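Asks: There's a structure below that I have some questions on.
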């Protein structure tokens, strides 16, 4: 339950604009009433830094739980038992199981082989003795590693920047092409840079990388190299959109925009006929008689 006074620091004009039923919100627990079963919460007291940290932790935990649940359902074992043997020990050792899962992607043995659990078994004298055995069976290990690698192997990000480039000097097209080559030369094996014409004077620079910050830095370097090259020939470059990570949807919208521009530039069927009609549009004219009429 969130008290009305704990919704926002500002004046509330509409509660629905601040919070909605079913939405996940980072909040602070103020007090717990065990007798009534109430938990009083505050949205107002959560700072931007707290929100970011909370959402990051929540998303990590959600991914870990999704992987653990899938493994438990696939192998037909109890989810809580899987947490007791694997999940919670990894939380205690690594601070968060997500950090352990990241290591498992490349080196599963160093993480999973260290997990053990205690089991009770009858001893030689008939008394129960406690023994330590590996917590993870080969079957569970194979299923867990397979799911973690499928869900957590990093995917390359696409970084894009939009620029406008013009050069009205003699051989301006050649100067623009030279500037484009300079931009592409700023890339490296990890972050190759490509520059593509959308429609004069708009161009897009793109790169793919696992490291977002590195990709943005490389594109900024490419823009600088391109700017220096085109300004040397008295051209001009304007950055319309700074380097940023883009989604597949953004790529699709760009491809559709480029296709539309190509279609607009193509000659429409029937243009030639219309030109011929314009050339012969006056019909047959008696120029000699028409000339006499004008003289009169």
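Heads up, the Cβ atoms here are built off N, Cα and C, so glycines get one too.
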Asks: Looking at the ranges 223-259, 260-296, which is given as region 'Disordered' in TrEMBL?
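Replies: Checked against TrEMBL: region 'Disordered' maps to 260-296.
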Asks: By DSSP, what is the split of the domain 'S1 motif' (1-44) into helix, strand and coil residues?
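Replies: Helix, strand, coil within the domain 'S1 motif' (1-44): 7 helix, 12 strand, 25 coil.
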